[in-house]
Amino acid sequence: MMKLALFSIIVILFSLIGSIHGADVPGNYPLDSSGNKYPCTVLGDNQSCIDVCKKHGVKYGYCYSFKCWCEFLEDKNVSI
């Protein structure tokens, strides 16, 4: 019985690790006309980052590490 409980706990832990790692969404930092990343001050949902990402052709972005990050932004659309 103890082995079954231990096995169950291990399976659950590996499942959680897999779901956390699998949540990564591809994207990129957009660049302005000078080749600089767009700065932001409010981390997380940020309307200015969403606006920047829309200029680069994607629907959503947010402030990450004080720079705008755009989800699903491809390399070819990074620079304006």
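Cβ atoms here come from the backbone N, Cα and C positions, even for glycine.
The disulfide bond annotation in Swiss-Prot covers Cys40-Cys63, Cys49-Cys68, Cys53-Cys70. Under the heading domain 'LCN-type CS-alpha/beta', Swiss-Prot lists 25-80. Here Swiss-Prot flags 1-22 as signal peptide, drawing on experimental evidence.
Listed in sequence order, Tyr38, Cys40, Gly61, Tyr62, Cys63, Cys68, Trp69, Cys70 are the same-chain residues six or more apart from Cys49 (disulfide bond) with CB atoms under 8 A from its CB.
Helix, strand and coil counts from DSSP across the domain 'LCN-type CS-alpha/beta' (25-80) read 12 helix, 17 strand, 27 coil. Look at the disulfide-bonded residues Cys40, Cys53, Cys68, Cys70 and count other Cβ atoms within 10 Å of each Cβ; Cys40 has the fewest. All chains included, 21 other C-beta atoms sit within 10 angstroms of the C-beta of Cys63 (disulfide bond).
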